[in-house]
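J.: Marked as 4-amino-2-methyl-5-(diphosphooxymethyl)pyrimidine binding site by TrEMBL: Q46, F47, R48, D49, K50, N83, S122, K152. What TrEMBL lists as Mg(2+) binding site is D84, D103. The domain 'Thiamine phosphate synthase/TenI' annotation in TrEMBL covers 10-204.
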Amino acid sequence: MQNIRQILPLYFVAGSQDCNHLPGNAADNLVAVLEETLKAGITCFQFRDKGKSSLEQFPEQQTALAIKCRDLCRQYNVPFIINDNVELALAIEADGIHVGQSDMSPKAIRAKTDKPLIIGLSVNKMEEAEFSNVVDEIDYFGIGPIFPTQSKEDPKPVVGMAFIQKLRQAGITKPLVAIGGVKEDSVEQLIAYGADGVAVITAITHAKDIATTVEGFLKQVAKGTSNATK
């Protein structure tokens with residue numbers, strides 16, 4: 001198993017629904033955007049194909065798209081995570097699965113396979129973090145939404161940047177990735193508060209220059225990490 005903290009610095013999350021604003025086929029656009037981000041240096045990718053304008057209603061097409069994304073990630077040696085869909089993750093041998101509080105439990109997921117599998121859990125409340133901090137099956141927490149976000153149809157309440165700091169002060173030791181409306185100018189502070197990285201959707205999929213955007217995020221993560229260790 002990889003060092004989880006090393007894969008979290010810039011965690012790209014996307015599905016076909018996040019590329020509908022681009023001309024042409026949304027699935028092809030996702031593959032093209034993903035390749036640009038991989039070339040630029042993202043450290044992890046989560047395939048989150050959900051919602052009305054995704055391929056959820058077309059499982060064969062969705063699986064084919066997931067496999068294309070998985071293969072691209074493998075070319076660049078970047079972990080490929082699938083959101084929620086445990087059966088798909090196991091079927092195509094994804095590197096990991098990310099679940100919410102109401103999805104299949106990490107313990108149940110781990111029991112389904114004897115292969116190494118990165119498992120992430122979404123956290124929006126202090127009690128969720130405290131309860132799950134001692135669950136060995138969980139490798140990291142996705143904390144958010146930090147800011148208001150349009151990427152989810154039913155977002156949880158905004159927690160704010162300082163929630164990361166409160167989690168660390170409360171003794172939460174799991175690796176943390178901050179998600180939800182995160183922009184480049186908030187990255188350094190999030191890392192200073194104790195995040196191991198940031199997860200980004202719209203800031204990348206809507207970027208005019210994806211490579212420059214990725215590089216900018218990575219610089220801010222490095223800056224925050226450097227300041228946090230002084």
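Each Cβ is built from the backbone N, Cα and C atoms, and glycine gets one as well.
Because TrEMBL annotations are produced automatically, they should be read as predictions rather than curated entries.
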J.: If you run the three-state DSSP split on D103 (Mg(2+) binding site), which class comes out?
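T.: D103 (Mg(2+) binding site) sits in coil per DSSP, no helix or strand.
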J.: Could you tell me the C-alpha distance between D49 (4-amino-2-methyl-5-(diphosphooxymethyl)pyrimidine binding site) and D103 (Mg(2+) binding site) in angstrom, no decimals?
T.: 16
J.: Across all the protein chains here, work out how many other Cβ atoms are within 10 Å of the Cβ of K50 (4-amino-2-methyl-5-(diphosphooxymethyl)pyrimidine binding site).
T.: 20
J.: How many whole Å apart are the CA atoms of Q46 (4-amino-2-methyl-5-(diphosphooxymethyl)pyrimidine binding site) and D103 (Mg(2+) binding site)?
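T.: Between the Cα atoms of Q46 (4-amino-2-methyl-5-(diphosphooxymethyl)pyrimidine binding site) and D103 (Mg(2+) binding site), the distance comes to 16 Å.
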J.: Are there any residues at least 6 positions away along the chain from N83 (4-amino-2-methyl-5-(diphosphooxymethyl)pyrimidine binding site) with a Cβ closer than 8 Å to its Cβ? List them or say none.
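T.: Those within reach of N83 (4-amino-2-methyl-5-(diphosphooxymethyl)pyrimidine binding site), by Cβ under 8 Å and sequence separation of 6 or more, are V13, G15, Q46, F47, R48, D49, K50, I97, H98, V99.
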J.: How many Å separate the Cα atoms of D103 (Mg(2+) binding site) and S122 (4-amino-2-methyl-5-(diphosphooxymethyl)pyrimidine binding site)?
T.: 10
J.: Cβ atoms within 10 Å, counted per site: which of F47, R48, D49, D84 has the most, among these binding-site residues?
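T.: Counting Cβ neighbours within 10 Å, the top one is F47.
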J.: Expressed to the nearest Å, what is the distance separating S122 (4-amino-2-methyl-5-(diphosphooxymethyl)pyrimidine binding site) and D84 (Mg(2+) binding site) at their Cα atoms?
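T.: Distance (Cα to Cα, whole Å): 11 Å.
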